[in-house]
Every structure is written in structure tokens, then in C-alpha cells.
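Let me begin by presenting the structure, written as C-alpha cells, before commenting on it.
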Amino acid sequence: MSQSLIVALDFPGKQEVEQFLHHFEGEELFVKVGMELFYKEGPAIITYLKEKGHKIFLDLKLHDIPNTVKSAMRSLASLDVDMVNVHAAGGSSMMKAAIEGLEEGKQEGKERPICIAVTQLTSTSETMMKKEIGIEKTLEEAVAHYAKLTKESGLDGVVCSTLEVPKLREVCGNEFVTVTPGIRLASDDVNDQVRVATPKRARELGSSYIVVGRSITKAENPLEAYKTVKQQWEGVTV
């Protein structure tokens with residue numbers, strides 16, 4: 001189950017990544033590379049991480065016209081990443097185009113990357129969604145709507161908060177992948193995320209993957225923090 005624990009490499013550049021990964025010599029991690037790091041270092045950071053034996057969730061949240069997204073996904077698949085994402089708000093045609101691009105770009109003999117869609121950012125509250133985005137549904141209804149659209153479009157799952165996982169299991173079934181950021185140890189600050197949960201709570205609610213950043217990356221001892229999160233996520237009593 002440790003391979004379903006994704007560590008967010010929210011660093012400004014490769015030097016900071018190298019310093020962080022020094023704590024994990026011999027560990028094969030599942031890491032998330034987001035916009036900040038990828039836009040700074042480019043595909044070279046993916047090559048570096050792959051050479052270290054790590055799995056990669058390339059978190060770029062594509063949202064554009066279908067043809068552009070298809071072409072972009074073709075390029076991303078050629079990097080041999082393991083997971084990618086789009087914004088569900090881009091619509092069904094865009095999401096279907098994303099899958100087409102991944103199939104065309106995947107490396108020979110390999111499966112295409114897992115493709116998931118962002119429903120609502122974990123920094124979004126229901127009040128913000130209604131007042132600023134103009135969606136009149138409840139947050140749970142909006143997330144369920146996007147999740148259903150995502151499944152119908154042929155994607156593997158969604159990014160959502162842990163709070164929405166039980167509802168999505170009802171709507172989309174148990175095989176539908178749920179990737180949940182906003183994971184914190186009970187002693188940590190929530191920072192800029194609104195809908196957060198502990199690793200234990202994420203497990204209880206049925207998340208497929210959890211994404212953990214600051215609780216590990218900002219810890220005094222990142223490896224020990226990683227082990228603590230892993231134990232809580234896997235339900236190990238120590």
C-alpha cells in the first residue's frame with residue numbers, strides 16, 4: 001500500500017529535490033511533480049526521478065481545447081510517467097482527447113499512464129464555489145457530477161478530498177480511482193487547504209491514493225515522518 005502513498009515534491013528546483021531525496025536512499029517512492037518544479041526543470045526532472053526508481057504523478061491539471069490537450073498528453077505519455085491529470089471542467093470531449101493522446105504517446109510495451117480529473121481543488125470551499133465560480137450545487141453534488149462525467153469519458157478516476165470519497169464510491173463504484181490531497185498529520189497546520197484529513201481518516205473513508213506534502217517535506221526528519229504517515233495509512237499499530 002506504500003505505493004499508493006504519493007509524496008508531493010513541492011520544491012522550486014532540482015537542488016531542493018536532491019536534498020530531500022537524500023533522506024530516502026534505497027526507498028522507491030511514488031512522487032508528485034507539480035507545476036512549479038516541472039516548469040522550472042522541464043522533462044529532465046522526470047528523467048532524473050525515473051533513473052532513481054521512483055514512480056511519478058505529473059500534476060499539471062491540463063485544461064484547454066481537446067486538440068491541444070490531446071497533443072500535450074501525447075508528449076507527457078512519452079516521458080513514461082505513471083499518472084497525469086486534467087480539470088474535469090474542461091468537459092467530456094477534452095477528457096476523451098486526453099486518453100487518446102496518452103494511448104498514442106505511451107512507450108512501446110507499456111500501459112498508458114493513469115489519467116484522473118480534478119473535480120474541485122481542496123482549497124475551494126462551498127461558499128467560494130457558489131460565489132466566485134457560479135456553481136449553485138452543493139460541493140458534494142458538484143464533485144459527484146464531475147466524477148460521473150469523468151467516468152463516462154473513460155478516465156480512471158478523480159482528484160477529490162477525502163470527504164467526497166464515500167459519495168463517489170456510490171456514484172462511480174469501488175474500482176474508480178480516488179486520489180486525495182489535503183492529507184495532514186493531526187499535529188500539522190492545514191495551511192491553504194480547506195478540506196483536509198489525516199492518513200487514518202483517508203483510509204477509513206476509502207481513498208485509493210493519498211498525496212502528502214508538507215507533513216513529510218517540511219518535517220525535521222522526513223524519513224521518520226514518511227514512516228509515520230505510511231503506518232497510519234496502512235493501519236499499522238506500533
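Easy rule for this one: first residue shown is 1, then count along the chain.
Each Cβ is built from the backbone N, Cα and C atoms, and glycine gets one as well.
A quick note: this is a predicted structure, and the numbers were derived from the prediction, not measured.
Its own atom aside, the Cβ of LYS61 (active site, proton donor) has 15 Cβ atoms within 10 angstroms in the protein chains shown. Here Swiss-Prot flags LYS61 as active site, proton donor, drawing on sequence analysis.
In sequence order, GLY34, MET35, PHE38, LEU76, VAL84, ASN85 are the residues near LEU60 (substrate binding site), counting only same-chain partners six or more apart with C-beta under 8 A. Annotation comment: Swiss-Prot describes ASP10, LYS32, 59-68, THR122, ARG184, GLN193, 213-214 as substrate binding site, evidence class sequence analysis.
Figure note: comparing Cβ neighbours within 10 Å for the binding-site residues PRO66, GLY213, the maximum is reached by GLY213. Counting Cβ atoms from all protein chains shown, THR122 (substrate binding site) has 25 others lying within 10 Å of its own Cβ.
Secondary structure from DSSP puts HIS63 (substrate binding site) in coil. Calculated from their C-alpha atoms, the gap between ASP10 (substrate binding site) and LYS61 (active site, proton donor) amounts to 15 Å.
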